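Below is one structure; the comments refer to it alone.
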Amino acid sequence: MPELPEVETVRRGLAPALVGARFSRVTLRRANLRFPFPERFAARLEGRTVTGLARRAKYLTAALDSGETLVMHLGMSGRFDVALPDGSNLSPGDFYLEGAQGTPKHDHVVMAMSTGATVTYNDARRFGFMDLVPSAELAACRHFARMGVEPLDGLTGAVIARLFRHKIAPLKAALLDQRLIAGLGNIYVCEALHRARLHPEAPAGSLARPDGRPTPEANALAKAIVQVLEEAVKAGGSTLRDYAHTDGSAGAFQHAFRVYDRVGLPCSRPGCAGAITRIVQANRSTFFCATCQPPG
């Protein structure tokens, strides 16, 4: 599933085609994605201008001059393709490996823009969705009402200590809880925990002192999360088995993975003689170095 860096890469690539443009025609080629489209979805978009394109966690939000916001989630395999008036094509945030990319039969939403560009949403697995929400109620809508803090918006050890205090859940599980920190996924949590030298099964509450102040480990983790995400965004995300940019290029951060999907390979930390191992937590693979990420 596309994580925060991949969705941010999509946003940056898609913004030039959407922001300031008007929906001239919207064609739905099926009645639903993961969920049914909102009532009169195409009609509520047509004639409206996109005034801004933002990201909240793993969601894209396009503000419209109608007072509504188009909320979009890519699911497991969603992607956007942009056909420009000059005949060239872009695929903003194309993180899927060749062979896993969508085909025209999975083009479910086609949006003709006033600029002459055509933006197509393709989703082979149909786990993505689109919704329309009153802009004034966006923060309180069902998608975002219980969502946690943005990790790239001032995340500190003090914030982590406040969120994790008294929690007995494993550290990795707490980091994946979107009600605490929104937008983190399996890949970047594994990478951040390795950089912070923290075991994924350590109790989340251990990052807060009895008085609620952050431990050194909480400060290290906050720094690692921000570094990993910023580096991944700069690299254009990670190209995965199921995920592909808007310009058709691949994300490159997978080449910087230190633990993810590297079972049996030597730990990349200078001076560490350990190897990367894998365990399963909540039906998800966890990759870490048992030598420099010891338990307890």
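Glycine too: its Cβ is placed from the backbone N, Cα and C atoms.
Bear in mind that the values here come from a model prediction, so they are computed numbers and not experimental data.
Looking at 36-72, 221-257, 258-294, the range annotated in Swiss-Prot as zinc finger turns out to be 258-294. Among the candidates His106, His194, the residue that Swiss-Prot annotates alongside Arg125, Lys167 as binding DNA is His106. In the three-state DSSP scheme, His106 (DNA binding site) is classed as helix. Closest by Cα distance to Glu3 (active site, proton donor), from the recorded positions Lys58, His106, Arg125, Lys167, Arg284, is Lys58. Across the structure, Pro2 (active site, schiff-base intermediate with DNA) and Lys167 (DNA binding site) place their CA atoms 27 angstrom apart.
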